[in-house]
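Look at TrEMBL and you will find B:76-260 tagged as domain 'ABC transmembrane type-1'. The transmembrane segment annotation in TrEMBL covers B:12-32, B:81-104, B:124-154, B:198-218, B:238-256.
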Amino acid sequence: MTEHQPIIEIKNLWKEYGANVVLEKLNLRVMAGEFVSIVGASGCGKTTFLNLLLGTEQASRGDILLDGQPFDPEPSVERGIVFQKYSVFPHLTAIQNVMLGEEFGHSGLGSLLTGRLTGSAKRDARDRAMAMLEKVGLVQAANRYPSELSGGMQQRLAIAQALLKQPRILLLDEPFGALDPGIRKDMHSLIRELWQEQQLTVFMITHDLSEGFELGSRLWVFDKPRIDPQAPERFGAQVTFDIPLNKPGEKQRQFDLVRQSATLASGASSEVQP
Amino acid sequence: MTRIINAQPNRYGRLLLGLLPFIILLVIYIAASDARLAENPSDKLLPSLSSFADAITRMAFEPSKRTGEYLFWADTLASAVRLAMGVGISALLGLVIGIANGMVPYVRSPLSPLVTAISLIPPMAILPILFIVFGLGEVSKVVLIVIGISPVIIRDMQLRTDALPAEQLIKAQTLGGNSWQIILRVVLPQILPRLIEAVRLTLGSAWLFLIAAEAIAATEGLGYRIFLVRRYLSMDVILPYVAWITLLAFMMDYALKRLSLWAFPWYQKAQGGRND
């Protein structure tokens, strides 16, 4: 990988559902190691954008390139995902949840047929899974089922599960939206640590503007620059602000700027979690 | 004063209150039976407890004079085998077709409408066809149970599979699972406890179809016996048989519940530990 090769390159990307334009004319480049926070009002297409990155939806026009290559049209190991909920498997204990990725990825016939490992391969997988649980601070809970874990612990588990596969990009879909403020703070420091330690490239959707500013190295605001009051679905959203966040001192000024942006401010403050 | 909605009976109170209706029913029966027998000692409609005991001894603990079999146990075995085969085959069909329908669009498109159509056929209406096609032997009785309950189980399993959060399946794909691995490791283990629930709920219908088939054509079986002795107005045999069938059904239900608790501890925890 050369210095100038972006990990994700988005070229003239459009997403339409019939006459309803959701995203229009997106042209973006993301370098490896960036942490992109994505904010925007409800219904502005940030989830659609994430689904395009994830591969559960396909672009109407344009391309998304990963390391210069077109994406698989379905979810794959290059992309790790943590959803707001339902990211972990309720029938597996924490350690089994993390091991599942190892068991799936293994090239042996046994793994292909039964999705399980045996013998030394299983011990190795277990060790790696345990190391991953240690990173997210869940060793004590290794043998508990998700329903016995708190919301924050479940999200830690989901992160560990995703990181085990060493994805090229990590997608976070409002990962901390359902957590208490105190827990959320812990999760912020955890994800920041993991990001720096593992050199991850992260895309995080959030409805919390300050969270986006605090965590990311770059912030995208999705918004519709043009609105036809007679037909609001006529025009799609674009990235109206693309703010680098690694310059100290700039942050507050930019934060205020985005807050003042009329449509977002009204959207963001009135946005309620479904 | 405590509101009635907050007043809780204690442990023994609950047990006593649970038994009370049964005791009351029993007392009413004995009183009515005594009254009728006082008027006509050869009355057969409400036999006394002692004639129940005689009948049970005769059916269960003495070999039949005609065949030398212990009829009660022979009937129980015959019915249990039919029921187990019918329910077992239905559960297996329900699991396989239900998951396939729920997970694979190319299976669902041709199969789902067919299952829906079959589930709308009244099974009793095609019982004559089964007797014609499969003869009067065991097969037609098992097939009746399967036709009666498997569409329900299949549709339930399909709905349960659909109801698994899409997030889980996406996550499994990002972990590198192929379709088969995802079905085997993510879907199947989560559907199994729901299969047990579905079987518990359809057991009643399975008994219904079994007894109907036995009533029409059989040479042994609990349903056969009940309909046979009906000709002699033998309430002293019919009522113990009905009680026995009820007890068997209850024990099967209880065993399945314990099996689910034992085999899928995560399921009960995720359900909030309800104990129904």
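Any Cβ shown, glycine's included, is placed from N, Cα and C.
The shown structure was predicted, so the numbers you read here are calculated from the model rather than taken from an experiment.
Tertiary neighbourhood of the transmembrane segment (B:81-104): same-chain residues 111-112, 115, 138, 141-146, 149-150, 152-162, 164, 179, 182-183, 187-188, 191-192, 195, 198-199, 202-203, 206-207, 209-210, 213-214, 221, selected by CB-CB distance under 8 Å and a gap of 6+ residues from either end. Ranked by the number of CB pairs under 8 Å to the transmembrane segment (B:124-154), the listed stretches B:12-32, B:198-218, B:238-256 are led by B:198-218. Beyond its flanks by at least six residues, the transmembrane segment (B:238-256) meets 47, 52, 55-56, 59, 72, 75-76, 80, 196, 199-200, 203-204, 207, 211, 222, 225-226, 229-230 of its own chain at Cβ-Cβ distances under 8 Å.
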